[in-house]
Amino acid sequence: MVWSRPVHPSLLLAENSSSPGASHSGAKLIDALLPASAAGIIELLSPVPPGWGGTLLLGLLHSIEIAVGATCLGLLIGTCGAYGKLYGGPVVRDLLAVYTTVVRAVPELVLILLLYYAGTDLINQLLTAMGYQRIDISGLVAGIAVLGFVQGAYSTEVIRGAILAIPQGQIEAARAYGMSPGLLLRRITLPAMLPFAIPGLANLWLIATKDTALLAVVGFFELALATRQAAGVTKAYFTFYVAAGALYLMLSLFSNLILGRVEAWSRRGMPSVKEAR
Amino acid sequence: MAGEATVINVAARTSLWLQPHRIVLILIALALVLGAAFFMRWDWLPQYYQMGLVGIWRSLWILAVTCFLGFLLAVPLGLAQAAGPFWFSAPAKAFCTVIRGTPLLIQLWLLYYGLGSLFPQYPWIRESWMWPYLRQAWPYGVLALTLSFAGYEGEVMRGAFAGVPKGQLEAARAFGMSRWKIFRRIWLPQAIYRALPTLTGETVLQLKSTPLVATISVIDIFAVSSKVRQDTYLTYEPLLLLALIYMAITGILVFAFSRIEARIPNKIG
């Protein structure tokens with residue numbers, strides 16, 4: 001097997017930039033590149049068409065959309081999964097154990113590829129088998145489904161732990177009042193488990209925002225892919241990746257701020273963590 | 001007595017596996033595996049298995065090196081945040097926040113495409129001994145994964161250092177130990193004991209991050225499976241095998257760490 005030796009992109013760039021008579025002077029080269037710094041960066045990142053800022057922001061919007069959708073789907077799967085693991089029959093419990101173990105042991109990148117191809121393929125085969133036309137599944141829906149499936153495994157464990165942390169007397173008391181399971185879930189279990197689940201779920205939200213970047217590998221347009229396109233066209237790799245990193249970081253920090261408030265709200269009326277220690 | 005206990009333990013464990021519904025589930029799983037083995041195409045395996053082994057070896061090598069270097073970096077990061085003065089703790093905290101707040105893929109691409117495109121402008125770098133390494137992809141992958149591991153583990157080590165009871169350190173000081181000796185004999189070992197359970201999880205997460213280096217043309221096991229997919233136009237077989245390989249490595253890692261953890265006295269602090 002002969003492998004083509006991976007060539008670093010910088011080499012290509014170096015050859016391009018050193019071609020017009022810059023054979024001996026590095027200083028000239030730097031002079032040629034530096035004016036592009038201050039004014040050029042602003043121009044590159046400006047949100048109107050010659051700049052690529054708008055593309056990046058659109059990518060960020062898509063990333064946030066997917067992260068929100070995946071987290072919601074993950075919460076739904078997680079709640080059902082936690083209920084199945086805690087109260088389900090032996091078969092349901094074992095199947096859920098397989099689900100959470102496998103998803104947490106296989107890299108997200110592999111899962112995304114596998115579910116992306118398998119999922120779209122399966123749906124299309126089902127449709128053709130039932131006599132419908134094949135459909136093109138939008139990247140948004142596929143991305144949300146795939147990431148949601150992955151998030152579901154993690155949130156199953158988080159929510160299961162949170163439900164176990166509720167003093168069992170509360171649930172027993174609710175049963176003794178004759179509450180139906182639905183009412184019990186809505187009035188007692190979900191609100192009571194929230195303070196225990198929020199830190200873990202907050203972590204999962206942050207992971208979801210970062211995992212959206214992996215969808216770039218299957219060609220879905222979000223922040224990472226937008227950055228890659230912008231950097232590829234303008235050759236300003238460093239600028240654009242730093243800009244994308246800054247956008248992701250801002251999203252994370254902003255989420256932290258909001259999630260801190262949500263956690264404080266969910267713990268209202270409970271002794272503070274610091275006092276308990 | 002101990003032998004008796006293990007016999008009972010083993011009996012209990014086997015009986016757990018031999019519940020009727022589990023037998024059915026195991027049979028179904030076996031049928032699925034056999035069905036996959038017979039009805040899917042595996043004729044590409046002999047041609048590619050050597051490449052696959054090299055890929056697995058490279059993934060494991062990257063995992064080991066980045067975890068080791070990342071941990072070495074995480075200790076000062078954690079120490080600076082737990083006990084350092086402001087001008088040490090603030091940069092360490094900023095580093096951890098940035099690493100944990102941005103996707104690894106972006107960090108990787110920033111280093112490889114971004115930083116890599118800046119280097120050739122400087123002739124002294126192109127003439128230095130580092131240049132042959134900087135032209136390849138793997139140093140950037142190793143660097144990105146190391147920094148990422150250090151960022152996540154630095155936060156864990158901060159908690160671990162802060163969690164060592166003050167009395168232990170005061171007692172060590174009362175024994176007249178020097179600061180370095182206190183750190184080496186008392187503080188660091190106890191912090192590592194505390195961090196070890198999370199270390200398992202972090203290492204598995206790190207393993208799951210290694211396929212990202214395939215996006216910058218490092219040929220690890222993920223890249224090998226992509227090549228198989230391109231060459232043979234098969235979608236599922238290489239990916240399923242890849243998932244199986246990662247699951248096996250995860251299982252081995254978890255088992256190995258549980259053995260290490262079992263050797264550590266659990267009465268700490």
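FYI, residue positions are counted from 1 along the chain as it appears here.
Note: Cβ is positioned from N, Cα and C throughout, glycine not excepted.
Annotations in TrEMBL come from automatic prediction, not curation.
Summarising the annotation, TrEMBL assigns domain 'ABC transmembrane type-1' to B:56-257.
Per TrEMBL, transmembrane segment is recorded for B:23-40 (among others). Remote same-chain residues near the transmembrane segment (B:23-40) are listed as 17, 236-237, 240 (criterion: CB distance under 8 Å, separation of at least six residues from the stretch ends).
For B:60-84 (among others), the entry in TrEMBL reads transmembrane segment. Within its own chain, the transmembrane segment (B:60-84) is flanked in space by residues 91-93, 95-96, 138, 141-142, 145-151, 153-162, 188, 191, 199, 203, 206-207, 210, 213, 218, 220, 249, which lie at least six positions past its ends and keep a Cβ under 8 Å from the stretch.
Taken from TrEMBL, the feature transmembrane segment covers B:104-125 (among others). Within its own chain, the transmembrane segment (B:104-125) is flanked in space by residues 131, 134, 137, 140-141, 143-145, 147-148, 209, 212-213, 215-216, which lie at least six positions past its ends and keep a Cβ under 8 Å from the stretch.
Annotation source TrEMBL lists transmembrane segment at B:239-257 (among others).
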